[in-house]
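Working notes, structure below.
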Amino acid sequence: MTENNEKVKNSDSANNQSSKNSKFNFNFEDKKVKCAKTILIIIFLAFLSFQMRAQTADMGFTTNEQYLDVFSDDNGRMYLTALDPYYYLRMSENYLENGHTGDTLKNIDGQQVPWDSYKYGPTGARATFNLLSVVTVWVYQVWHAMDSTVTLMNAAFWVPAILSMFLITPIFFTVRRITSSDIGGAVAAILASLSPSIFVKTVAGFSDTPILEILPLLFIVWFIIEAIHYSKEKNYKSLIYGLLATLMLALYPFMWSAWWYGYYIVIAFLVIYAIYKGISYNSIAKYTKSKNNNHKDKIESEKLEMLNILKISGLFIIGGAVLITALYGVSTTMNALQAPLNYLGLDEVSSQTGWPNVLTTVSELDTASLDEIISSSLGSIHLFAIGLIGIFLSLFRKVLTPVKQISNGLAEKLDIKYALLLIIWFAVTFLAASKGVRFVALMVPPLSIGVGIFVGFIEQFIKNNLDKKYEYVAYPTIAIIVLYALFTIYRADSADLVRMLLPSNYVPIAEGIMLASLAVLIIYKVAELIAESNKKLVMNKIFMILLAIGLITPTIATIVPFYSVPTYNDGWGESLEWINTQTPNNSVVTCWWDNGHIYTWKTDRMVTFDGSSQNTPRAYWVGRAFSTSNESLANGIFRMLASSGDKAYTTDSVLIKKTGSIKNTVDVLNEILPLTKSDAQKALKNSSYKFTDTEVSEILDATHPKVTNPDYLITYNRMTSIASVWSYFGNWDFNLPAGTSRSEREAGSFQGLQTYATNINDTLIVRSLIQQTAEYNIYTLIEVRNETLTGAMMAVTNDGQMQTQQLNMHKVKLMVNENGKSKMYNSLADPDGQLSLLIKVDKNSIIGTDGSNNPVYSSSSWMATANLEDSVYSKLHFFDGEGLDTIKLEKESLDPTANGVQPGFKVFSVDYGNYSK
């Protein structure tokens, strides 16, 4: 036993003796008592995690009952939030109904494989097994057995909150193993569970995989640390924990496709640490042999530890690879070798395929700044810094090593194992976070463990040095931290202090268990403090509790209250239900990819692409169809995608092989898709590429197929807001170098304007605010009199002075609805203008009168970049398909998710016409 360990042992013995000689006969150091306390801590932390996430169910984002009804089911239970949860909800429905995650089985190489017919229509894709769907079905079956009104969506809503309860266990025990501190483990567990980047994507309602991306690695690290801890003992504990880590690794691919990152972190640690222990053992052995020192037992202990570490390393590295290969196939293992290189290319503008890289516009994959990484990890730079300090402090554990200055040939040195693992873990995840804000959550566990180590180190340091004066520095420091925490709460919202203790009462039993376990722990701690005869130790324990409160309170304050508005709603549901009941089963829904998972779930119809297939050539084609003003081209694109998918431009297609490039293939397709089949045939035969008759026939089978699938388009208000994204891809210039920045490429956009429309003396007057400053406002003033449209710009100062000038818009487009009919007015105002004005006035909807009793009409207007003024999307969403011959508005309903037109969720049918003639 080393001197340091003797000191700790003596201190613990003193504490034990103090407890036994206390005012009570109750022994707080009894193993059963400690075990019960640990169980209570775990229960409290687990239900605290659950309760914080239950806040979303309270639907506190509004008090409007009508608005609440739109975002909840018939039983008042909130819909799922975000987008991806609806994919897993559909997979859960398939698993419940079919026993696998596909909606059907497909014969591939003689095997019946679960198949998802709806995603990436009409091709479909293999349906992969996922643990989230299994857990969702389990929760549903248990809950539905008790309450028949429970739906699968209701069960899915609570799955992330339930799974989050398991986050705290590995974090708590990892920190306690390193520091022997319960309070340090509790702080780390709370910070990890409630950190912003993890919390927002694991709240109730966000039934997605982020929780499963983190959870397995936490258990793997905990088991590896336990395996290393027992590596000096002559028992099987070390190998048992190593086996548990390996088995958890084998489950990881079920939960996340990027499982390999955790595998590489642990491999790096085990390899480096095994090498280090080998060098250390040889050094000790050689030194003691040369000095003829009698340290046989210690040398044997070092040897045993080294051999066990080698066994653990082999079991995890080789055994893990074998298990994963056996369970998932060689391709999964081989993909893990290539995956890190693919990850490093996330921010490339153009993918290696030659098509634009959609991932560059996915917000959660935006490159994160250092400030964003720090604020999104633990919530503040202070906790971030404390986490790093804690990782450094994990070095301060002692092990034996030979030094010539010590007479017995052996001395103590820093133990690197915990610091080594945490440093590797932090470094890898920090690199990941720098590549995209989505990955900041991966960095939270090592930082949280670092904070827990910091707390545990402070606790042990003061406890082991009660006879010194360190408390005169430590206690004021802790007091400052507590005061800072209280100031943070006050600055945020002092009215929410009660809600920090009672964040949600939506699940009374969970609230009761959390409060009951907390009450018992408080009683236990108060009794322990009263029983303690060592007053300095009492002060130490009190100040450590205050330190813990001071560290976790600001984080809790930032997430209480917390609300999240669902994306899906009854307005959308009305139109999607129409698709489900009124369209053929082979119909395809085409829209931008973001809502694709919702559409497949609700309509039971194929979609062109969705959140799992956004980074494909279809981003260009769908963007092209919506941004072009050529209706025939848009129609041809919709027909091709809905009926033959990617067949025309796959890597083994005639066009790619014959033209030699994606650019040339795109040029040919843009030329022939607007044409009838006979005209397209002529164009191909006259092409400089000299296509043979067979090749022409194969191309036309893809672009002008004999058998087509009906296509239905969806537009919605948020699609207006993200026009700069889909038009960016739709206007992609393949002639530009692959690395051309986004600012150098063409895109378009829309901006909603405040609009006022009235009728004065038989003149329709529409005023739109286009610029607002502290001194003046600028409006566009559009008038329609005697079927003639005129316009001007008008500046109005704060004191009422007005100045008019010529309208500098490229074009003004105005649609007036009256008596069930629509009339379009078009005016080219300024040929050199870069912006256009799109206006819609509904004379059938009078929303009030002005001071002269003139009617005020429902109206809306948008500023559009000139390249989108006549786009298919503009005609669809703003003007209900007016001006289009082959695309017809079929259904429209409320869209409460974003500002814009109402009804703002629209469904259109596409008539392919006589394309085949």
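Don't overthink the numbers, they just go from 1 along the chain as shown.
Using N, Cα and C of the backbone, Cβ positions are placed for all residues, glycine too.
What Swiss-Prot records for this protein:
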- 39-59: transmembrane segment (TRANSMEM)
- 60-154: topological domain 'Extracellular' (TOPO_DOM)
- D84, D208, E364: Mn(2+) binding site (BINDING)
- 155-175: transmembrane segment (TRANSMEM)
- 183-203: transmembrane segment (TRANSMEM)
- 204-209: topological domain 'Extracellular' (TOPO_DOM)
- 210-230: transmembrane segment (TRANSMEM)
- 238-260: transmembrane segment (TRANSMEM)
- 309-329: transmembrane segment (TRANSMEM)
- 330-372: topological domain 'Extracellular' (TOPO_DOM)
- 373-393: transmembrane segment (TRANSMEM)
- 414-434: transmembrane segment (TRANSMEM)
- 435-438: topological domain 'Extracellular' (TOPO_DOM)
- R438: glycophospholipid binding site (BINDING)
- 439-459: transmembrane segment (TRANSMEM)
- 470-490: transmembrane segment (TRANSMEM)
- 491-506: topological domain 'Extracellular' (TOPO_DOM)
- 507-527: transmembrane segment (TRANSMEM)
- 542-562: transmembrane segment (TRANSMEM)
- 563-917: topological domain 'Extracellular' (TOPO_DOM)
- 719-726: motif 'MI motif' (MOTIF)
Contact between the transmembrane segment (183-203) and the transmembrane segment (507-527) (3 or more Cβ pairs under 8 Å, separation 6+): no
Reduced DSSP assignment, D84 (Mn(2+) binding site): coil
Segment proximity, the transmembrane segment (309-329) to the transmembrane segment (542-562), 3 or more C-beta pairs under 8 Å: no
Binding-site residues compared (D84, D208) - highest count of Cβ atoms within 10 Å: D208
Pairwise Cα distance for D208 (Mn(2+) binding site)/R438 (glycophospholipid binding site) [Å, integer]: 13
Inter-residue C-alpha distance, D84 (Mn(2+) binding site) and the residue listed as 'glycophospholipid binding site' (nearest angstrom): 14
Same-chain residues near the transmembrane segment (155-175), Cβ under 8 Å, at least 6 residues beyond its ends: 41-42, 45-47, 49-50, 53-54, 57, 77-78, 80, 85, 88-89, 92, 132, 135-137, 139-140, 143-144, 181, 184-186, 188-190, 192-193, 198, 201-208, 211-212, 214-215, 218-219, 221-222, 225-226, 445, 448-449, 452-453, 456
Secondary structure of R438 (glycophospholipid binding site) (DSSP, helix/strand/coil): helix
Stretch among 39-59, 309-329, 439-459 sharing the most Cβ pairs under 8 Å with the transmembrane segment (238-260): 309-329
Within the topological domain 'Extracellular' (204-209), residues counted as helix, strand or coil by DSSP: 0 helix, 0 strand, 6 coil
Neighbour count (Cβ, 10 Å) for R438 (glycophospholipid binding site): 20
Proximity verdict for the transmembrane segment (414-434) and the transmembrane segment (210-230), three or more C-beta pairs under 8 Å: yes
Non-local residues, at least 6 beyond the ends, that sit with Cβ under 8 Å of the topological domain 'Extracellular' (204-209): 53-57, 78-82, 84-85, 88-89, 130, 132, 136, 156-161, 255-256, 564, 566
Counts by DSSP class (helix H/G/I, strand E/B, coil) across the topological domain 'Extracellular' (60-154): 39 helix, 15 strand, 41 coil
